[in-house]
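Asks: Pulled these from Swiss-Prot:
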SIGNAL    1-20  signal peptide
CARBOHYD  Asn65  N-linked glycosylation site
CARBOHYD  Asn190  N-linked glycosylation site
CARBOHYD  Asn230  N-linked glycosylation site
ACT_SITE  Asp260  active site, proton donor
DISULFID  Cys262-Cys279  disulfide bond
CARBOHYD  Asn268  N-linked glycosylation site
CARBOHYD  Asn280  N-linked glycosylation site
ACT_SITE  His283  active site
CARBOHYD  Asn307  N-linked glycosylation site
CARBOHYD  Asn334  N-linked glycosylation site
CARBOHYD  Asn371  N-linked glycosylation site
DISULFID  Cys397-Cys403  disulfide bond
CARBOHYD  Asn412  N-linked glycosylation site
Amino acid sequence: MRLHFLPLVALCATTASSLAFDSSTSQPPGAQVYSVNDAAGLKRIGAHHPKYHDRRTVTIRSSHNDTDDVSADFLWGIRRANHGGRLLLKKGQKYVIGRKLDLSFLDNVEVQLDGELKFTDDVPYWQENNFYYDFQKSISFWRWGGHDVRIFGRGTLNGNGQRWYNEFAGQEILDPDNTYYRPILFVAENATRLSVEGITELNSPCWTNFLVNSKDISFDNVFINAYSTNASAEPKNTDGFDSLNVNGLSVTNTRVDIGDDCFSPKPNTTNIFVQNLWCNNTHGVSMGSIGQYPGVLDIIEHAYIENVTLLNGENGARLKAWAGEDVGYGRINNITYKNIHVENTDYPIVLDQCYFNIPADECASYPSQVNVTNIVFENVYGTSSGAEGNVVAELICSPNAICEDIKLKGINLTTPEGEKGVVVCDGISGGVGVECQSSE
């Protein structure tokens, strides 16, 4: 199966919305442009920083309320700031985005987000007007792309997800019959040297960040949160970080409080660096899932993950690969987890090669074809939740895959009662470096 990444233009009701957002040579009402030499003006509006060089700075009007769409103003502003400038979204101001935006043209531009960028929750509009990706039927409000893009500030990118949570309750993203597609909060596609620093990402309808066909992407000091005001409709699939075909992905000094994967690079992500990551109520720091699509080679390799805290979750350090009748193949290689602190976590360490929820008999009949090699779990410590009894690590290799050079070093994991945890492993060539019990 060959994956394509094309806008879902076939579902657009008309072309009117895209025409409305063509850039204009006329300056919209309320917009201002400040010269790089106007130090007093830049300081007055909050665009002068010791950490960053001054730039030509553009401001746009803010929204009067949650239905006052400033998409056209935003597009004008970022075009005006492109090629060496900065778009400032001011502290204490709200900027509502109600139309899809193609921001794939960026070159040497900064966006200083000190206010709030908030998407409308017009579900019918977004389900017909979006950017679509074949991979797990993903859609997005917008897409960012280009070279040398920096997004920074102390503001909030708000996905306004509550309506999406309510209407998706009881459904599953990987259900083949699912047609209720939910937008990803931030997508970078065909981007090189894009960084996100300091902002909060709030209540994404689906995944929070999705990086596609990109190189040298970094996130630093970001806070990601997803919560629901409806106890019967919790956020689902709000992963912190997902990636596809990315070389060079860095996440540092970041806090994630959501209900799904904290960090989970997907197929063909290489050269990964994670440091000082805090995850609460998540499915862990996962490599994968990979091997989902028939005949497709997937790779995740060269990852270094250090100083991670994982609280109150299903998994800690996890490797996951698909099994089943019509799946792909690949490898997870050269992955290091070091200094990983877990508390109240069901599976602190896990290799899952029967993903996604594949019944045991089907997994046995159609095992995963993803090789897992050169993996180190070092200084993983803390407590399990007790959900799996005294098992704190489970590493079970597919009979159709190679699993070798997988080592556990300095593991200190206990049950909630303080008893030493048990490591379960099967099919690992050469052992794992600690005492290990068979799953049978």
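Quick reminder: no glycine exception, Cβ is built from N, Cα and C everywhere.
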Asks: Please identify which of Asn230, Asn280 has the densest Cβ environment, defined as other Cβ atoms within 10 Å, among these glycosylation sites.
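Replies: The residue with the densest Cβ neighbourhood is Asn280.
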Asks: To the nearest Å, how far is the Cα of Asn268 (N-linked glycosylation site) from the Cα of Asn334 (N-linked glycosylation site)?
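Replies: A Cα-Cα distance of 13 Å.
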Asks: Given the disulfide-bonded residues Cys397, Cys403, and counting only Cβ atoms in the protein chains shown, which has the most within 10 Å of its Cβ?
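Replies: Checking each of Cys397, Cys403, the winner is Cys403.
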Asks: Do you see any of the recorded positions Asn65, Asn190, Asn230, His283, Cys403, Asn412 whose C-alpha is within 10 Å of the residue listed as 'active site, proton donor', and which ones?
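Replies: Among Asn65, Asn190, Asn230, His283, Cys403, Asn412, the ones whose Cα sits within 10 Å of that of the residue listed as 'active site, proton donor' are His283.
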Asks: How many Å separate the Cα atoms of Asn334 (N-linked glycosylation site) and Asn230 (N-linked glycosylation site)?
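Replies: Cα-Cα distance, Asn334 (N-linked glycosylation site) to Asn230 (N-linked glycosylation site): 42 Å.
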Asks: Count, for each of the disulfide-bonded residues Cys262, Cys279, the other C-beta atoms lying within 10 angstroms of its own C-beta, and report the residue with the smallest count.
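Replies: Comparing Cβ neighbours within 10 Å for the disulfide-bonded residues Cys262, Cys279, Cys279 has the fewest.
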Asks: In the structure shown, which of the glycosylation sites Asn65, Asn268, Asn307, Asn371, Asn412 has the fewest other Cβ atoms within 10 Å?
Replies: Asn65
Asks: What is the nearest of the recorded positions Asn65, Cys262, Asn371 to Cys403 (disulfide bond), using the Cα of each?
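Replies: Answer for the nearest of the recorded positions: Asn371.
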Asks: Within its own chain, what residues at least 6 apart in sequence put their Cβ under 8 Å from the Cβ of the residue listed as 'active site', listed in sequence order?
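Replies: In sequence order, Asp260, Asp261, Cys262, Ser264, Gly313, Glu314, Asn315, Arg318 meet the Cβ cut-off.
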Asks: Round to a whole number and give the Cα-to-Cα distance in Å for the pair Asn230 (N-linked glycosylation site) and Asn65 (N-linked glycosylation site).
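Replies: Here the two Cα atoms are 23 Å apart.
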Asks: Round to a whole number and give the Cα-to-Cα distance in Å for the pair Asn412 (N-linked glycosylation site) and Asn190 (N-linked glycosylation site).
Replies: 42
Asks: Counting only residues 6+ apart in the same chain, whose Cβ is under 8 Å from the Cβ of Asn190 (N-linked glycosylation site)?
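Replies: Ser104, Gly145, Gly146, Val212, Asn213, Ser214 - these are the non-local Cβ neighbours of Asn190 (N-linked glycosylation site), listed in sequence order.
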Asks: Please report how many Å separate the Cα atom of Cys279 (disulfide bond) from that of Asn307 (N-linked glycosylation site), as a whole number.
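Replies: Just about 11 Å between their Cα atoms.
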